[in-house]
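**Q** The structure under discussion is supplied below as structure tokens; questions concerning it will follow.
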Amino acid sequence: MGVIATIATVVLAISFMVFVTFFGRLPALRGTPISWLHKVIWVHFPNLLKSIDRRVTGGRISPACVRFGNYMMYDRHPSVLIFFLLLLSIGEILYLPTAWPQLSPLVKFTGTISIILPYLFLYLAAFTDPGYITPANHSQEMSRYPYDFTLFHPGNECHTCHLLKPARSKHCSVCKRCIAKNDHHCIFINNCVGANNQHWFILLLLSTAVLTAYGGILGVHLLAKKMNFFFPYWALLPWNANNGEGMPLRDWLVIWSWGFQNQVGMGAVTLLAGLTSPLVWGLLGYHVWLVYCGTTTNESMKWSDWSYEMREGYAFKRRMLEAGQRQKDLRVEPGWTRWPAETEQVLVRTENGQSPAEDDQTLPGYGPWEAVWGLKDVENLYDIGFWDNLVDVMVPGYNFRGEPSAARGRGGLRQRKKRRAKRIYLA
């Protein structure tokens with residue numbers, strides 16, 4: 001079991017490090033060992049190395065390491081994308097020569113599709129414009145989503161692009177561009193995940209999750225069939241061996257080790273697929289949950305900040321006029337959007353925990369201010385129900401309410417389409 005145990009340990013360690021890197025900063029994991037480990041790896045350990053470098057070399061090595069680390073983590077380069085492609089390709093080269101002759105025509109057909117789709121969706125996710133905002137398409141992007149006066153307010157300008165920020169957009173420091181509905185920058189595709197390629201990214205996760213699960217399950221089946229041929233008393237589960245009488249765990253593991261090493265290429269890839277599949281399914285589940293909640297990774301961070309302000313008693317809200325009644329400042333806010341809802345609230349934070357003055361004309365909305373103590377008391381404008389959220393993701397730019405001329409006088413559209421958000425994803 002030495003070789004197999006080493007491979008399993010390395011794969012599990014890499015998978016765990018990837019999980020900590022991606023999820024360690026999520027608000028939902030604050031105060032957990034995952035968050036603590038993320039700080040140790042990405043904050044305390046680098047600081048320790050800098051301290052050692054200052055004492056030993058006078059700090060001559062640290063700047064070069066920092067520049068290299070910043071380039072790898074915060075600059076646009078295809079290193080991880082190439083690594084991902086090599087991992088897929090080399091795994092298939094090792095796996096298929098042994099497995100292919102043993103497969104039925106149906107399994108060969110479905111297996112071929114499962115192999116091709118990740119490459120296709122990786123290409124589409126990586127090379128599709130994620131939603132770059134330019135002077136040429138700025139007015140169109142402004143009409144994609146309305147401002148919710150909570151996470152996104154009109155009148156904010158990107159200091160780099162010198163354009164008004166459309167609702168749900170964010171400037172990416174890696175791509176050096178403003179991205180419509182920016183979710184996050186993904187190093188695996190060397191591109192941002194935004195309004196125009198989010199669906200390809202989710203399909204990439206889905207196809208990769210299916211491929212790893214398919215390869216792992218199929219590999220276990222083929223290995224088990226060969227082990228059963230040479231060791232008829234063996235079974236896939238140790239308590240089912242010896243015709244249900246069971247067998248010692250050590251003997252069962254030894255036969256597994258023989259099976260992996262007898263077909264080492266397929267065995268290693270089967271092990272890799274089985275150990276990494278839960279990570280890929282976890283990433284897929286995370287993004288499906290974001291769709292369900294009508295939010296993005298970037299917005300979930302913003303909601304987390306609001307949650308903290310609410311718990312401390314610094315958040316207040318009041319009502320906004322209904323759609324069609326509020327006079328918009330067309331210099332900084334679109335007069336019409338394709339979205340089927342307009343905001344019902346304005347949310348503000350104060351420094352002293354005192355509500356703003358009711359007659360403060362510098363703040364939008366009307367009526368008295370109400371203290372907000374939790375996210376359940378506010379709406380998420382961008383959550384219009386799971387199926388409509390899914391349509392918004394899978395059909396970029398889908399027009400929920402027709403052309404501007406057709407939408408006039410349809411104040412009731414909000415009540416028909418918008419559902420009050422009962423959950424806001426915090427992670």
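Yeah, the Cβs are placed from backbone N, Cα and C, and that goes for glycine too.
Under the heading domain 'Palmitoyltransferase DHHC', TrEMBL lists 155-303. If you look up TrEMBL, you'll see 6-26, 80-100, 106-126, 200-224, 266-292 marked as transmembrane segment.
Situate these features within the shown structure.
**A** Under 8 Å from some Cβ of the transmembrane segment (106-126) lie the Cβ atoms of residues 81, 84-85, 88, 92, 100, 186, 189-191, 193, 197, 200-201, 203-204, 207-208, 210-211, 214, 218, all in the same chain and six or more residues away from its ends.
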**Q** I'm checking region-level scores; what's the whole-number mean pLDDT for the domain 'Palmitoyltransferase DHHC' (155-303)?
**A** 91
**Q** Tally the residues of the domain 'Palmitoyltransferase DHHC' (155-303) by DSSP class, grouping H, G and I as helix, E and B as strand, and everything else as coil.
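**A** Helix, strand and coil residues of the domain 'Palmitoyltransferase DHHC' (155-303) number 91 helix, 14 strand, 44 coil.
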**Q** Counting only residues 6 or more past its boundaries, what in the same chain has a CB within less than 8 Å of a CB in the transmembrane segment (80-100)?
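**A** For the transmembrane segment (80-100), the far contacts come to 108, 115, 118-119, 122, 126, 187-190, 215, 218-219, 222, 263, 265-266, 268-270, 272-273.
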